[in-house]
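J.: Please see the structure below; I have some questions.
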Amino acid sequence: EENGHQNKRLKSDADEEDAEDQNKKSPKRKIVLLMAYSGKGYHGMQRNVGSSQFKTIEDDLVSALVQSGCIPENHGEDMKKMSFQRCARTDKGVSAAGQIVSLKVRLIDDILEKINNHLPSHIRILGLKRVTGGFNSKNKCDARTYSYMLPTFAFAHKDHEVQEELYRLDRETLEKVNKLLACYKGTHNFHNFTSQKGPRDPSAKRYIMEMYCGEPFVRENMEFAVIKVKGQSFMMHQIRKMIGLVIAVVKGYAAESIMERSWGEEKVDVPKAPGLGLVLEKVHFEKYNRRFGNDGLHEPLEWTEEEEKIAVFKEQYIYPTIINTEREEKSMANWLNTLPIHDFNSSAVEMQTNNKNSK
């Protein structure tokens with residue numbers, strides 16, 4: 001019996017030594033991971049430590065990093081220990097095709113395969129690159145591109161009876177949509193497009209580089225279109241409200257002049273389109289790439305080789321989720337029914353005055 005104990009102890013000591021050797025062989029390095037995920041059923045990207053009932057994408061990611069041996073278990077509890085930073089904080093239900101996270105990991109063999117083995121199939125790590133030690137994916141990112149996929153009946157005028165499956169977007173309406181979306185280009189005060197900022201908060205000013213709606217296409221008998229928007233950075237709900245306001249104008253609930261008004265100081269009632277169709281497409285590191293991309297030590301943060309994998313993932317997990325959820329839960333159709341409740345005409349000041357008068 002004593003010998004048995006002795007052998008067991010020696011074996012466990014040897015295992016620990018092996019693990020330590022392995023750790024010495026694979027020192028910690030700063031890397032970025034290219035991530036794609038379908039956000040349905042998750043409360044966004046960012047982990048809420050101490051709140052386990054709201055599952056986030058990062059919960060699954062950190063668990064896979066620990067299980068695959070890339071990070072020690074105690075780092076999972078405190079993500080600061082691995083210098084973890086996500087590039088964009090996607091909201092509840094929002095998907096991503098090109099999210100980037102930066103962190104320090106042990107560069108083990110077959111690292112991507114091992115992490116992916118511990119992730120559900122609707123979350124994938126598609127690429128990995130080494131970066132500079134001080135790299136922070138949020139601060140170093142100079143622009144983000146999002147897409148928003150929606151059924152085109154969202155643009156049908158409110159006075160026209162529409163059968164959702166039969167609706168097809170005409171050229172004239174698409175041109176109107178694009179004319180309105182183009183108004184967002186440049187720098188504007190978007191305080192009315194988030195609940196978090198006041199009109200005089202300097203951080204409510206945001207710079208939009210491009211915004212347009214592509215050609216419609218039919219999937220499972222329903223016509224969809226994709227709106228693309230590229231901006232420096234976005235506030236919570238900003239893109240969904242930008243799209244919500246354009247839909248309200250195209251449908252005839254609000255006058256075109258509301259766009260200009262919404263950038264002024266007064267409070268404007270801006271409706272928020274559903275989260276379902278929103279996808280983080282790509283994050284841009286143009287300044288970083290110019291400085292470090294060709295220094296001989298680091299690779300530029302571009303993912304041309306991964307583009308095919310990204311496209312396959314979108315076709316397999318992101319688009320079917322948006323289409324099937326739209327058909328089953330009718331998130332856009334139900335949201336469109338709430339538009340008449342909004343008051344697009346009066347400002348907050350007028351609304352208060354009217355309320356007082358009516359009392």
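Cβ coordinates come from backbone N, Cα and C, glycine included.
Okay, so TrEMBL annotates it like this:
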REGION    1-26  region 'Disordered'
ACT_SITE  Asp91  active site, nucleophile
BINDING   Tyr146  substrate binding site
DOMAIN    184-286  domain 'Pseudouridine synthase I TruA alpha/beta'
J.: Same-chain residues six or more away whose CB lies under 8 A from the CB of Asp91 (active site, nucleophile)?
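T.: Gly44, Met236, His237, Gly275, Leu278 - these are the non-local Cβ neighbours of Asp91 (active site, nucleophile), listed in sequence order.
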J.: Could you give me the DSSP helix, strand and coil counts for the domain 'Pseudouridine synthase I TruA alpha/beta' (184-286)?
T.: 25 helix, 33 strand, 45 coil
J.: For Tyr146 (substrate binding site), list the number of other Cβ atoms lying within 10 Å of its Cβ atom.
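T.: A 10 Å sphere around the Cβ of Tyr146 (substrate binding site) contains 24 other Cβ atoms.
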J.: Across the whole of the domain 'Pseudouridine synthase I TruA alpha/beta' (184-286), what does the mean pLDDT come to? Round it, please.
T.: 95
